[in-house]
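Asks: First, the structure itself, so that you have it in front of you.
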Amino acid sequence: MFDVAIIGAGVIGCSIARELSKYNLNVALIEKENDVGNVTTKANSAIIHAGYDAKPGTLKGKLNAKGNLMFDELCRELEVPFKRVGSLVLAFDDDEMKTLGKLYEQGIQNGVPELYILSKEKVLEMDPNISDNIKGALYAKTGGIIGPWEFTIALAENAVENGVNIFLSNEVVDIEKKDFGYRIITNKDTYDTKYVVNCAGLYADKINNMVSNNKMEIIPRRGQYYLLDKTVGNLVKYVIFQCPSKLGKGVLVTPTVHGNLLIGPDAEDLIDKTALNTTSEGLNFIVEVARRSVKTLPLNMAITNFAGLRARTERDDFIIEEAVDAKGFINVAGIESPGLSSAPAISLYVIDILKNIAKKIEKKENFNPYRRAIPKFIELSEDEKNELVKKDKRFGKIICRCESITEGEIVSAIHRNVGARTVDAVKRRVRAGMGRCQGGFCSPRVIEILARELGVEMTEIEKDHEGSYILTGPTKSEVQ
């Protein structure tokens, strides 16, 4: 019997799991995918928003600004890369300058510190590659950039280190109400729990509708992106937005925490919750809009494009509440932007709801907030590199040439407490395959290392999601 079962191991589910691991509770984290953070969390703008865009009084307004200010300490504890580069919202005419004024006032009401409306001259002094056609900008000094999948993996690892039980590749097929709480039935097992926290993202409606007559609908909204090579990662110094619209915060141009340049997204409401394909129309749109923000946009340096889906509801706000007709069942749904930025504050909000329901929740005396990251060989000093290779010679063998990732780093990623089991899971943990050739050189070697370390055949290694097998068998045995 679990005290709390969390359904969904994206950034929200993992953040709540880590927060719950601070208490004397038996916690289950149940995820239908074969890795944490493998849906919405892995494909987004990777921005920690300051909090000026959300309407005051909404959960987004309350939790974004609060969550933003929690990232410095969290990322130090978890050894996750995070940079407060600041953000600029550009205005191109007098009407948009008025919009900046409204955003500024919203930010002040939401408790966002260090907001400034800047002149054109000041903006161009700060970042010369911004378009000369602007009239001014809203500068949010607390805006930041992060690796969302690394953050989520770190949260999961720290949660497991502190006693959380994680069950991957477990898709929930039914939930039954019981006297003790709930029985969660997956495609693999059954889990009894007193309380349920529904963090199922795009499928939070399906999970809610299993137990509640207050039906929910999640609308998938697709956003498409271009990722550019590190050689142009310093094209802009800040996260560059245009004025927001009803469809979202608009197309941005931003450096990434790893030194690339990211542009996007567009916003397209869909029916299909698996439609992660990109379209020529969508990609052309983000390029056209992004070119309005900056003087130059070297699209010839694009190394990949991708799409992500965010979970939208008609409420136009986060849904974080106990279901009216399902006691002890807490929905955390509709967590679209600024969900990543709000994640730490959302976890505290959910804990408060649980405390009101459960009454007695005691804190642990031995909670360990720290998680050691895998050493990044390329970032070490020469002395540190030599010392590491002396301890483990696999750190002296480069597997991914684009990102200078060693065999030692890949092996470490596989044997963590929430370890990599697929090629893309390795990529998300240590960036092997994230570079210019997008895994063209290193993927076969990563497959070989995964198979060796997991004790399976290379044909059993998947690229990412379940069933995405790469190899069918040795070629020599097939040729007659």
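Quick reminder: no glycine exception, Cβ is built from N, Cα and C everywhere.
Marked as FAD binding site by Swiss-Prot: Ile12, Glu31, Thr40, Thr41, Ser45, Ala46, Ile47, Val172, Ile335, Glu336, Ser341. Annotation comment: Swiss-Prot describes Ser45, His49, Lys249, Arg310, Ser337 as sn-glycerol 3-phosphate binding site. Positions annotated as active site, proton acceptor by Swiss-Prot: His49. The [2Fe-2S] cluster binding site feature in Swiss-Prot is assigned to Cys400, Cys402, Cys437, Cys442.
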Asks: Using a 10 Å cut-off on Cβ-Cβ distances across all protein chains shown, tell me which of the binding-site residues (Ile335, Cys437, Cys442) has the largest neighbour count.
Replies: Ile335
Asks: Select the closest residue to Thr40 (FAD binding site) from the following binding-site residues, measuring between CA atoms: His49, Ser337, Cys400.
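Replies: Closest candidate to Thr40 (FAD binding site), judged by Cα separation, is Ser337.
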Asks: When the number of other CB atoms within 10 A of each residue's CB is tallied over all shown chains, which of the binding-site residues Ile12, Ile47 has the maximum?
Replies: Ile12
Asks: Starting from the Cβ centroid of Cys400, Cys402, Cys437, Cys442, which together make up the recorded [2Fe-2S] cluster site, report each further residue of the same chain whose Cβ lies within 8 Å of that point, ordered by sequence.
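Replies: Here the nearby residues are Ile399, Arg401, Glu403, Ile405, Ala432, Gly433, Met434, Gly435, Arg436, Gln438, Gly439, Gly440, Phe441.
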Asks: For His49 (sn-glycerol 3-phosphate binding site), name the DSSP secondary structure in the helix/strand/coil scheme.
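Replies: In three-state terms, His49 (sn-glycerol 3-phosphate binding site) counts as coil.
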Asks: Roughly how many angstrom lie between the C-alpha atoms of Cys400 ([2Fe-2S] cluster binding site) and Ser45 (FAD binding site)?
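Replies: About 25 Å separates the two Cα atoms.
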Asks: Of all the binding-site residues here, Cys400, Cys402, which one's CB has the most other CB atoms within 10 A?
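Replies: That would be Cys400, with the highest Cβ count within 10 Å.
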Asks: Please identify which of His49, Arg310 has the densest Cβ environment, defined as other Cβ atoms within 10 Å, among these binding-site residues.
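Replies: That would be His49, with the most Cβ atoms nearby.
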Asks: Using C-alpha atoms, which one of the binding-site residues Ile12, Ser45, His49, Arg310, Ile335 comes nearest to Cys402 ([2Fe-2S] cluster binding site)?
Replies: Ser45
Asks: Say you check the Cα of His49 (sn-glycerol 3-phosphate binding site) against those of the binding-site residues Ile335, Ser341, Cys437, Cys442; which is nearest?
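Replies: The answer is Ser341.
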Asks: If you draw a 10 Å sphere around the Cβ of Ser45 (FAD binding site), how many other Cβ atoms fall inside it, taking every protein chain shown into account?
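Replies: If we count other Cβ atoms within 10 Å of Ser45 (FAD binding site), we arrive at 26.
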Asks: To the nearest whole angstrom, what is the C-alpha distance linking Ser337 (sn-glycerol 3-phosphate binding site) and Ser45 (FAD binding site)?
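Replies: So the Cα of Ser45 (FAD binding site) lies 9 Å away from that of Ser337 (sn-glycerol 3-phosphate binding site).
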Asks: Ten-angstrom check, please: count other Cβ atoms within 10 Å of the Cβ of Thr40 (FAD binding site), all chains counted.
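Replies: Around the Cβ of Thr40 (FAD binding site), 23 other Cβ atoms lie within 10 Å.
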Asks: According to DSSP, which of helix, strand or coil covers Cys402 ([2Fe-2S] cluster binding site)?
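Replies: In three-state terms, Cys402 ([2Fe-2S] cluster binding site) counts as coil.
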